[in-house]
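Novice: Below: one structure in structure tokens.
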Amino acid sequence: MAASEDGSGCLVSRGRSQSDPSVLTDSSATSSADAGENPDEMDQTPPARPEYLVSGIRTPPVRRNSKLATLGRIFKPWKWRKKKNEKLKQTTSALEKKMAGRQGREELIKKGLLEMMEQDAESKTCNPDGGPRSVQSEPPTPKSETLTSEDAQPGSPLATGTDQVSLDKPLSSAAHLDDAAKMPSASSGEEADAGSLLPTTNELSQALAGADSLDSPPRPLERSVGQLPSPPLLPTPPPKASSKTTKNVTGQATLFQASSMKSADPSLRGQLSTPTGSPHLTTVHRPLPPSRVIEELHRALATKHRQDSFQGRESKGSPKKRLDVRLSRTSSVERGKEREEAWSFDGALENKRTAAKESEENKENLIINSELKDDLLLYQDEEALNDSIISGTLPRKCKKELLAVKLRNRPSKQELEDRNIFPRRTDEERQEIRQQIEMKLSKRLSQRPAVEELERRNILKQRNDQTEQEERREIKQRLTRKLNQRPTVDELRDRKILIRFSDYVEVAKAQDYDRRADKPWTRLSAADKAAIRKELNEYKSNEMEVHASSKHLTRFHRP
């Protein structure tokens, strides 16, 4: 009895037979789990079934793999997941390292970096001229050159010390630079003289080399601070080079400078290198990508070709200016280089001056109005200004002002004649042209046919008012005669011509009802439908008997 009670109380478990295919799959699954495979691969294996089934339940059928299961074997997406996880881990670890090595705001302020950047931003916004002021390096006097050469001798301890100095020391010199900028500036005459002097080809090449590499020993801080002048208010016009070689070298150097100034973000400025080649590291310098350099070269070439083609056209048009055009052709490359230098110094006023020199004939496109300065601060780059004019993104005030300036600067008739746009003619030439036109017109008019000829051809008909009135009277008489001859209705009935529809069709009297709308009294109720169905069934019962094979198709079956 105890055994029976135990048996009734708990479910008896029985083992599966060895012939059951699901046992094989279960054993393989357990073996793979014991082998210690990756968790990613374990996701793909089917879930292990229980080894013992409850008694009284049928064994489930063999599970069939779907067609999509074979795709998992071929493509193995869990391996892709594994690779993705590894990549994510690498990136996260790299980011954590960077964040750990990142300097705080307080440290940057201590070093003097952050304060300087804020002051730069303030100077940009507060500049009254429009463009951001460019810090120009003044070529030092011969005395300072000798001093620097003595200091930078390889044997001296100062030079060795500066060689070993890391990047942190030049970064800390930014604070000294700010102090130097706050110092009282020199007189306006001295500033103009200092600004007008520009570094020669050797100095420019040295400046490029100094900006690219930090190998050259930096100067002592006291001297660099002393030699940095206060920035001049206006950018200075670049002087023309003397020989072809100097032209080429300066052109290349300024091209690279311009491209770097354009490509660099406003927050990141490049190194300012003095003529001796020692870089004063103001902020971090981002290296220029080669694609940008190529773009700048292409742009410079395009401007050169445009100038050449324009001046070639001018020389064809006006024979008086051929000698001037030849000279301008030779100096076209020089002009291109000057323009690039102007971009590198970010001088808005200088751009306007050079544009006025180069495009005297293109007066309409010049912006001379001083009221436009405030609105066009954002559009100091010519290309950006042109794009904004074409796309219509300029503010409305700017558009109006530009239109007014263009209309004001429209060239006169004499100027157009001088430039061979409007043909130059004397009074005699004009008279001859008029006579030729008159001759052509008179010849055409003489070829027109006369009135008699048109009447003869029956094209033109001469009419009087009397004849027209007579024609109208005749038409009225004809119409009234026809109307009088019409028979009356009675005559037509007598002749049985006009017969009514009701004469030969039986017409039953019926109530008139509104056929237009779907009204509730027009709709059939349930009782109406039942009556119709009953009537139909009665009609069907009186008709011919339905065949036995098609009785299921009919609604009515005779009892």
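Cβ coordinates are placed from backbone N, Cα and C, and glycine is handled just like the others.
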Novice: Hey, which of Thr70, Thr254, Thr522 does Swiss-Prot call phosphothreonine?
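Specialist: Going through Thr70, Thr254, Thr522 one by one, Swiss-Prot annotates Thr70 as phosphothreonine.
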Novice: Out of 154-190, 450-486, which range is noted as coiled coil by Swiss-Prot?
Specialist: 450-486
Novice: Mean pLDDT across the coiled coil (346-369), rounded to an integer, is what?
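Specialist: Across the coiled coil (346-369), the average pLDDT comes out at 54.
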